[in-house]
């Protein structure tokens with residue numbers, strides 16, 4: 001398979017330094033995005049010819065936002081709009097990390113202290129998945145309301161929209177605030193600016209700053225008195241939020257994000273980012289930082305790989321697979337593979353994926369295990 005060979009040849013050598021790791025991971029992303037986009041487009045064209053005007057949706061690969069560039073020149077393919085919904089596959093590992101997050105949220109249930117936490121790590125290491133698992137945890141649901149998930153990247157964001165205003169609007173929409181209110185707030189800001197200009201009053205505050213201040217005030221009013229949990233997923237510099245969320249001295253600055261989060265009611269804000277410097281600027285102390293590293297456990301990475309294999313097995317074949325395990329994907333089956341040399345295969349997967357769960361899932365899509373006619377499971381020789 002040409003796509004698989006090209007993909008694997010790019011990441012076949014072992015990484016020797018942190019800089020090489022970063023470069024190699026970037027190559028994994030760009031190569032897979034380009035090749036998978038071609039394959040996916042061809043597949044959709046074939047599907048359209050078979051099913052008329054039907055279109056297929058729901059593919060969660062990182063290629064769905066591959067067009068265009070961000071304001072600072074980084075390709076949008078690096079960002080994906082996320083949601084609070086649990087992934088459609090089993091979540092492997094994260095036992096200690098999940099316990100840490102739950103402890104952060106639940107250790108002092110009656111505490112009224114406002115707290116922030118940043119989860120930082122490489123692309124594809126599982127920051128979003130970890131947060132989704134905790135966000136949907138029943139114990140967490142019982143303590144926090146409202147719970148709001150904010151994907152810092154949104155496909156719906158207009159090119160001329162101020163990134164700060166866009167994020168606050170999306171939080172307010174989650175709280176039930178309608179777009180009509182946003183129009184009213186913007187009109188108010190424009191009218192106030194116009195009146196002061198006509199009166200000859202010198203003012204440095206722009207219309208957008210006035211609009212942002214009003215939106216943050218509206219957010220504050222909607223959250224005051226509530227034990228809220230807010231997740232800001234995939235924060236980049238492009239979002240232009242780099243201010244301490246718990247800095248009470250900044251509460252007087254009307255355009256500061258912390259103004260929108262009432263203090264003293266036990267609210268919590270969790271953010272994820274690939275940028276540790278930015279994360280520290282937002283959450284402050286080292287103790288508010290949780291680093292997520294690539295997997296060192298070959299067994300859990302192997303399980304992630306097997307779960308992602310796009311194998312569909314009929315009833316007869318499933319009968320032959322006595323140790324097959326059903327996944328959340330309905331008719332998909334994740335077989336337990338017992339290769340002749342398991343240690344070698346698992347280490348090979350670890351080397352090729354760099355310990356990154358997303359890379360392991362990508363490899364599973366282009367180099368899956370196969371089920372032969374008699375129900376035995378084997379690996380493709382080219383892997």
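From the backbone N, Cα and C atoms, a Cβ is placed for every residue, glycine too.
For reference, Swiss-Prot has these:
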- 121, 122, 123, 124, 125, 126, 127, 128: ATP binding site (BINDING)
- 41-70: compositional bias 'Polar residues' (COMPBIAS)
- 75-184: domain 'NB-ARC 1' (DOMAIN)
- 207-281: domain 'NB-ARC 2' (DOMAIN)
- 36-84: region 'Disordered' (REGION)
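Distribution of Swiss-Prot features across the structure.
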residue: 121; record: ATP binding site; contacts (Cβ under 8 Å, 6+ apart): 127, 274, 291, 292, 293
residue: 125; record: ATP binding site; contacts (Cβ under 8 Å, 6+ apart): 292, 293, 294, 356, 357, 358
residue: 126; record: ATP binding site; contacts (Cβ under 8 Å, 6+ apart): 93, 94, 292, 357, 358
residue: 128; record: ATP binding site; contacts (Cβ under 8 Å, 6+ apart): 82, 233, 234, 272
Fewest-neighbour residue among binding-site residues, criterion Cβ within 10 Å, set 122, 127:
122
Could you tell me the mean pLDDT the prediction assigns to the domain 'NB-ARC 1' (75-184)?
89
Including all protein chains displayed, how many Cβ atoms other than that of residue 123 (ATP binding site) lie within 10 Å of its Cβ?
18
Assigned element (helix, strand, coil) containing residue 121 (ATP binding site), judged by DSSP:
strand
With the ATP site defined by 121, 122, 123, 124, 125, 126, 127, 128, which remaining residues of that chain have Cβ atoms positioned within 8 Å of the Cβ centroid?
274, 292, 356, 357, 358
When secondary structure is assigned with DSSP, how many helix, strand and coil residues does the domain 'NB-ARC 1' (75-184) contain?
48 helix, 14 strand, 48 coil
Neighbouring C-beta atoms (10 Å sphere around the C-beta of residue 124 (ATP binding site)):
23
What are the DSSP helix, strand and coil residue counts for the domain 'NB-ARC 2' (207-281)?
35 helix, 12 strand, 28 coil
